[in-house]
Amino acid sequence: MSSSSDKTDPCKPEACAIQDCLQQNNYNESKCSKIIDNLYLCCKKYYEKNGSDKQTTCCPKFNLLQLKLKQRELGKIDAEMVDSRKG
């Protein structure tokens, strides 16, 4: 059953899956790479269908999405964890 929110935020399930994954993995982004990729692909499809000027809460703006997709192609996939125990 889809709600009106799902129609305005078609990538909401993917965005929520990222939050769940991050919480389960102590916010280690590298453990959630595939799920993040799924969100970016959903957002890419959203913009292809609706135009780059449209917005949805769950997707980065079109220009930022383009940058993120390019970074992932270049292998710069995940944020790096900072070890706060090191001086």
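Each Cβ is built from the backbone N, Cα and C atoms, and glycine gets one as well.
Since the structure is predicted, the reported quantities are computational estimates derived from the model, not experimental observations.
If you look up Swiss-Prot, you'll see Cys11-Cys42 (among others) marked as disulfide bond, on the strength of sequence analysis. Counting every protein chain shown, the number of other Cβ atoms lying within 10 Å of the Cβ of Cys11 (disulfide bond) is 22.
Note: Cys32 (disulfide bond) has non-local neighbours Ile18, Cys21, Leu22, Asn25, i.e. same-chain residues 6+ apart with C-beta under 8 A of its own C-beta. Residues or ranges marked as disulfide bond by Swiss-Prot: Cys21-Cys32 (among others).
Taken from Swiss-Prot, the feature domain 'CHCH' covers 8-50, and the record attributes it to sequence analysis. Note: the domain 'CHCH' (8-50) comprises 36 helix, 0 strand, 7 coil (DSSP; helix = H, G, I, strand = E, B).
Looking at the motif 'Cx9C motif 1' (11-21) alone, the prediction's average pLDDT is 98. The motif 'Cx9C motif 1' annotation in Swiss-Prot covers 11-21 and is backed by sequence analysis.
Residues annotated as motif 'Cx9C motif 2' in Swiss-Prot, with sequence analysis given as evidence: 32-42.
Counting every protein chain shown, the Cβ of Cys21 (disulfide bond) has 18 other Cβ atoms within 10 Å. The Cβ neighbour count for Cys42 (disulfide bond), using a 10 Å radius over every protein chain in view, is 18.
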